[in-house]
Amino acid sequence: MAAPRVVNARATRSKGESATRTRILKDGTIESVAELINNGSAKNIIVMSGAGISTAAGIKDFRSPGTGLYDDLERFNLPYPEAVFDISFFKDNPDPFYRLAKELLPGRYRPTFTHYLLPLLAKKDLLLRSYTQNIDMLERLTGLDEDLLVEAHGSFATSECIQCNELCDNSYVRKHILKGEIPHCMECKGLVKPTITFFGEQLPDRFGTLAQVDFKKCDLLIVLGTSLQVEPFNRLITRVPASCPRLLINREKAGEDMHLGFDFDDKWKYPVLRDAVFLGNCDEGVRQLAKLCGWEGELQAMFEAGNIEMALAEELEALTLAKEAEEEQKEIEERAKAEQESDKGEKEKPHVKEHTENVLKDTHENHQVPKNLEESKSNTKKPSSSDDVDAISDLLQATEISSSKKDSAPAKDTTKAGKDDKPS
């Protein structure tokens, strides 16, 4: 399957044109589509969606002049805007993508009113499949069964190494993105990226496999918030049966410049009149459709309940991340403290040894009897009381002088034990 690319195809006239024309819709309005749903003629609805359904969540679309994502990428100094999603450019310079990924990362945005149309259709057993170009995972956050979802351009749901194709722990990748770091494979050290389909890559197998089957069964196609400029996704609108009605809800008309594309103004005189359009933002169009079908209150309730659930999930994630950050900081501090103590211990070892040797030496010297003490005893007669004081002072002074000069001699026994003396 060809990789997605931007096209500007020129329209050609349908070869199936004939004199007899069939009108599937009463007219080209959203009201006629609601009437089709209400009378039970639409039981296998396919919804195709683009970036326009997520703008109300705060996520920029790609191509709106002045406000689109591509116009906002000048800060990354790219050779061309689409380079941020080009696999060749990514291999050489992954930094711009990861800086952008931090802004697009799921968990920062909540599903819009439009997103909840999908689980509502599924609840009513009317949704055959939802095909989305978006990588923001907001469809998943509505609680939509993943089996009913085809993410044509991949998503942040999984990540893999572009070198060895090893799947990587998504929490590991998410932490790196939040820190502004580039994750690498723990097996081969190659670059890791979310399983988003870049320009130059094949679309997921699931897209091609299911599209071949689903669009043949489709009895109502609803296209939301897309300019239909990227192949092969845009060509899906041509793969429904010729009798299948099609509704576009978008700020401007799209998909008219391709063979078997939309024909809102009967320009190409197709044999079947089946196209309707609502010009405006997606939330307005979906609310209008829901109101016409009698679902507005139910859809609003789902939207509000979803927001409460999302708020709780966001609070729980914030607490979890804060706890992890606290534990990580604690580990860093403990490691730093251990390293400091280890370094300090290594530095103190020679000092401790030197100090111990000096203490032992001083102790040994201070317990020896100075030579001048011996000499003073042998030359001294029995002193008087005043002589005792002077002698003691002289002896103390002599001891201090001897100690300071490190002048030592072996101690001698200057007394003889008496007959009654016993060793203690």
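Cβ from N, Cα, C; glycine included.
Look at TrEMBL and you will find 23-296 tagged as domain 'Deacetylase sirtuin-type'. The feature NAD(+) binding site is assigned by TrEMBL to 51-55, 61-63, 133-136, 226-227, 250-252, Cys282. Residues annotated as active site, proton acceptor in TrEMBL: His153. Marked as Zn(2+) binding site by TrEMBL: Cys161, Cys164, Cys168, Cys185, Cys188. Annotation comment: TrEMBL describes 324-424 as region 'Disordered'. Positions annotated as compositional bias 'Basic and acidic residues' by TrEMBL: 332-378, 403-424.
For Ala51 (NAD(+) binding site) paired with Cys168 (Zn(2+) binding site), the C-alpha to C-alpha distance reads 27 Å. Relative to Asn134 (NAD(+) binding site), the recorded positions with Cα atoms inside 10 Å are His153, the candidates having been His153, Cys161, Cys164, Cys168. When the Cα atoms are compared, Cys161 (Zn(2+) binding site) and Phe62 (NAD(+) binding site) turn out to be 26 Å apart.
Separation of the C-alpha atoms of Ser54 (NAD(+) binding site) and the residue listed as 'active site, proton acceptor': 15 Å, rounded to the nearest whole number. A distance of 38 Å separates the Cα atom of Thr226 (NAD(+) binding site) from that of Cys188 (Zn(2+) binding site). Between the recorded positions His153, Arg251, the minimum number of other C-beta atoms within 10 Å of a residue's C-beta occurs at Arg251.
In sequence order, Glu160, Ile162, Gln163, Asn165, Glu166, His184, Met186, Glu187, Lys189, Gly190, Val192 are the residues of the same chain, not among Cys161, Cys164, Cys168, Cys185, Cys188, whose CB sits within 8 A of the CB centroid for the Zn(2+) site. The CA atom of Phe62 (NAD(+) binding site) is located 30 Å away from the CA atom of Cys185 (Zn(2+) binding site). Counting neighbouring Cβ atoms within 10 Å of each of the binding-site residues (Ser54, Asn134, Thr226), the lowest count belongs to Asn134. Other C-beta atoms found within 10 angstroms of the C-beta of Cys188 (Zn(2+) binding site) number 12, with every protein chain shown included. When the recorded positions His153, Cys164, Cys185, Cys188 are compared by Cα distance to Arg251 (NAD(+) binding site), the shortest distance belongs to His153.
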